[in-house]
Amino acid sequence: MEMTARLAHLDTKVDGRNCDGLVNHNGETTEIRVPLSHTGKRLGPIEGGNLYRLRDRKFLLEDKKRLCAWALGAALLGILLMVLHAELCPVVYQPESIYALSINGLISFSTGCLLILIIAFHYKDIRLFIIDHNQVDWRIAMTSNRVLGISLELIVCAIHPVAIYLRPDMGDRLGAKPGQNSSTPLCLSSSHKEVMLDVELLLSALMFLRLYLVHRAVLLHSKVLLSASYRSIGSLNNINFSFRFVLKVLMNKYPARTLLVFIMFFWLSAAWMLRLCERQQQVETGGMDKALWLIAITFLTVGYGDVAPHTSCGKLVCLFTGVMGVACTAMLVAVMTKKLALNKGEKHVHFFMMDIQISKRIRHAAANVLRECWLLHRTTHTKDNSGEHRHHQRCLLEAIRVFRHLRLKQRKLRDYASEMVDLSKMQMIMCDLSANWNSSYHELEQRIISMEQKLDELGRSFQNTSELLTQALHHRRLDHRSFPVGGLLLPSLFLSVTAVGAAS
């Protein structure tokens, strides 16, 4: 990238680097171009020119999406191998067998591939940052937050259960038969230290932290990020296309499907982690069926009490399951409330029909009040009929109470309906009013213009009349000089002068 600027002197430098400029030597102008990058560094198409920026940005986004998919596949492969190794060893094969060594080697190999893919992904991300901000030096993108995030990702992805039974000081302790201690996780016999058991168990459970890559894959493969219309409208409205926005879109479009997938995956994962934690103590929750039942009743916050965790790790898993169950229940209630709620059109129809029904009932109640008044009035004139009189009094009071209750119900319904402000309808009304005002204004303007034209025509007609009168007076004067003034000439002349004065 080159930059042209006017400098006052030839040897002017900014931050120790020469800049481009125009220098005058005895009236002659010399243009000097000096690249801002390091000496001897060749500029690629990403750094030079704006013609390649959009193309390179598109390629980098596709590379990021591909690398994220591969990284998620490597993470899932490592988790599946870890689960397979924990379930088969030492039930199916011996800890010192070639199968255990092969599976542990595959776990470590998938972990190494995952780390390489994470580094490649962030490399593409830094290049994309350079293109978006039109920078040259990649070190500008390496902020403290970015470095901390990359380091934390590498640490999380590097966690996997280490084959500690291959250590030299533990080789004599791994000669257990296939039937012995089948409930001990990850090829560890009961004679090992409890610290090693806890470390191996913790590393196995922490491998599930690799699933943070799911949200990145969902973001990069979503139609929200890939659609140009979404990005254009979002940039105009200052919308940040993050995983939170994509999750909101998914919850609005596919709420039941999204919650079902999340709940099922969390249920199976938490049940297996609970089984991994509990089978070390040889308790009933070490089985998969009991673990599934305990996770289900904990997730639903029921807690029958027939099954309970015994280890600290199991209690921690159940505690986290309860918290996630409360959160998922709240989301489920929100989704069901939104699905069962009426939209604007349905609310308008419902309230309109309710208003009609209440109006009919009010008319019937008013008619009942009038009828009871008439019956009460008729019984007051009869003698020896006090029981019927009291009966009609009670009926009249009941009819008045029903009438007042219906009037109050109608008032509440109309108040609630008036709170539903239909913005689109109000906008249409305002647009109609504005159109009417504009048409009235244009009509008034046309009338004013027509009045101005008529006034101009009247002015021109008055001017023509004055000219005609002037000519007539001129001819009269000539006639007066030619002939003596008679008795009839003076009155006519007086009348002409009077007319000219009135016209002027």
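Backbone N, Cα and C define each Cβ position, glycine as well.
TrEMBL entries are annotated by machine, without manual review.
The annotation domain 'Calmodulin-binding' is assigned in TrEMBL to 355-429.
Annotation source TrEMBL lists transmembrane segment at 67-86 (among others).
Per TrEMBL, the feature transmembrane segment maps to 98-121 (among others). Note on the transmembrane segment (98-121): residues 64, 67-68, 70-71, 74-75, 77-78, 81-82, 84-85, 88-89, 92, 150, 153-154, 157-158, 160-161, 163, 166, 187, 210 of its chain, located 6 or more positions outside it, place their CB under 8 angstroms from a CB of the stretch.
Feature annotation from TrEMBL assigns transmembrane segment to 147-166 (among others).
Taken from TrEMBL, the feature transmembrane segment covers 195-213 (among others).
Listed as Cβ neighbours of the transmembrane segment (259-278) (distance under 8 Å, sequence separation of 6 or more from its ends, same chain) are residues 83, 86, 185, 201, 204-205, 208, 285-288, 291-292, 294-296, 299, 309-311, 313-314, 317-318, 320-321, 324, 328, 331-332, 335. TrEMBL lists 259-278 (among others) with the feature transmembrane segment.
Note on the transmembrane segment (290-308): residues 263, 266-267, 270-272, 274-275, 278, 284, 317-318, 321-322, 324-326, 328-329 of its chain, located 6 or more positions outside it, place their CB under 8 angstroms from a CB of the stretch. Per TrEMBL, the feature transmembrane segment maps to 290-308 (among others).
Among residues of the same chain six or more beyond the transmembrane segment (314-337), those with a C-beta under 8 A of the stretch's C-beta atoms are 251, 255-256, 259, 262-263, 266, 270, 273-274, 277-278, 285, 294-295, 298-301. The feature transmembrane segment is assigned by TrEMBL to 314-337 (among others).
Residues 100, 103-104, 106-107, 110-111, 113-114, 117-118, 120-121, 124, 157, 160-161, 185-187, 204, 207-208, 210-211, 213-214, 216-217, 220-221, 272, 276 of the same chain lie 6+ residues outside the transmembrane segment (67-86) yet bring a C-beta within less than 8 angstroms of a C-beta in it.
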